[in-house]
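So that you can see what the record holds, here are the features copied from TrEMBL:
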type: TRANSMEM; residues: 7-27; note: transmembrane segment
type: DOMAIN; residues: 7-138; note: domain 'EamA'
type: TRANSMEM; residues: 33-52; note: transmembrane segment
type: TRANSMEM; residues: 64-85; note: transmembrane segment
type: TRANSMEM; residues: 91-113; note: transmembrane segment
type: TRANSMEM; residues: 125-145; note: transmembrane segment
type: TRANSMEM; residues: 189-211; note: transmembrane segment
type: DOMAIN; residues: 195-326; note: domain 'EamA'
type: TRANSMEM; residues: 223-243; note: transmembrane segment
type: TRANSMEM; residues: 255-273; note: transmembrane segment
type: TRANSMEM; residues: 285-305; note: transmembrane segment
type: TRANSMEM; residues: 311-331; note: transmembrane segment
Amino acid sequence: MDGQSWLMLIALSILWGGSFFFTEIALVDLPPLTLVLCRVAIAAVILWWVVLLRHINIPRDPRLWLGFLVMGMLNNLVPFCLIVWGQTHIASGLAAILNATTPLFTLIIAHLATSNEKLTRRKTLGVLVGFIGVVIVIGLPGDIISSIGNINTRTAPTTDIATNAAHDNTHVSSSIEAEAGADAEAGPLAALAPLAVLLAAISYGCAGVFGRRFRDTPPILTAAGQTSASSLMLIPLCFMIDAPWNLPFPGTETILAVLGIAAFSTALAYILYFQLLKRAGASNLLLVTFLIPVSAILLGVGFLGETLESRQIFGMIVIGLGLAVIDGRLLQFTRNYSSYK
């Protein structure tokens, strides 16, 4: 890749890594579905504006619009909602690390769903290494199940606190009990949150395979169509679950975060993504997967005061190693270096 392609790649990683940052800020005032609806709806308006500026013909084939509907569900509605909900319980950096597993799931789904994109031994090794990294980040399945099942164990101490409290301290003990109960509820949800982000990665993988049928459609049109479709699907869900008309008006930081995630991390990121895809190719574009968690972690630690455990950082490195094995260039460089010596 040339210098300009590298700059575009870094910019794209910052834009997509910034989505986790903006989400963390916006969740202070907005529930998940409302936030996702604002994201895709504003992005759709911007993308359609670009479509009109480029004088791209709007298709009338109902089959294409049905494809946009499926793409909107797999690439926007499901993963965005899962990631945003997950970020109500885990740090933005951790969510970005788990989201980096998308290529692993894409390879597996492509192997199962297509006849011409089967897993090779190198790619299988990369997938296995990547999933070892996932286990390091979130723990073994048994640990997760144990965390979910421990809700009764966590709530037990509150009974003793309430029983032993003096009559004039009833209000204080009730507050402690409610706080402890909230922590107990958050425990299992916090254990499920990483799994929600992994399910989002699986949905992205399905979208990656399904989206290959749009090869003859202008990419910006596909982006506009899927964000519009996901907006239409989200409106009734948002109205039924969040009742946004009852929510207090969001603060300035939340409004700016919503505009940031919609305009920059969605609309502009799609435009940059397709330009880079045409300029540098799909194999080079895979490199952005390595950079997104880095930018998300730097933003989270630098501006949100987040911290990550050492095992989560180590797990991210292992996931990155798995992606490098899949990409193949690291192995090729190693072979060339050995031959040169």
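Each residue, glycine too, has its Cβ placed from N, Cα and C.
No curator has checked TrEMBL annotations; they are predicted automatically.
Secondary structure by DSSP for the domain 'EamA' (7-138): 105 helix, 0 strand, 27 coil.
Recorded stretches compared: 7-27, 223-243, 255-273, 285-305; the one with the most Cβ pairs under 8 Å to the transmembrane segment (64-85) is 223-243.
At the 8 Å Cβ threshold, with sequence separation of at least 6, the transmembrane segment (91-113) lacks contact with the transmembrane segment (223-243), having fewer than 3 such pairs. For the transmembrane segment (285-305), same-chain residues at least 6 beyond its ends with a Cβ under 8 Å from one of its own Cβ atoms are 9-10, 12-14, 16-18, 20-21, 24-25, 91-93, 95-97, 99-100, 102-103, 273, 276-277, 316, 320, 323-324, 326-327. Within the chain, the transmembrane segment (189-211) has long-range Cβ neighbours (under 8 A, six or more residues past its boundaries) at 67, 70-71, 74-75, 78-80, 82-83, 85-90, 94-95, 98-99, 101-110, 113-114, 134, 137-138, 144, 147-148, 222. Remote same-chain residues near the transmembrane segment (311-331) are listed as 93-94, 97, 100-101, 103-104, 107, 122-123, 125-138, 283, 286-287, 289-290, 293 (criterion: CB distance under 8 Å, separation of at least six residues from the stretch ends). Taken through DSSP, the domain 'EamA' (195-326) splits into 112 helix, 0 strand, 20 coil.
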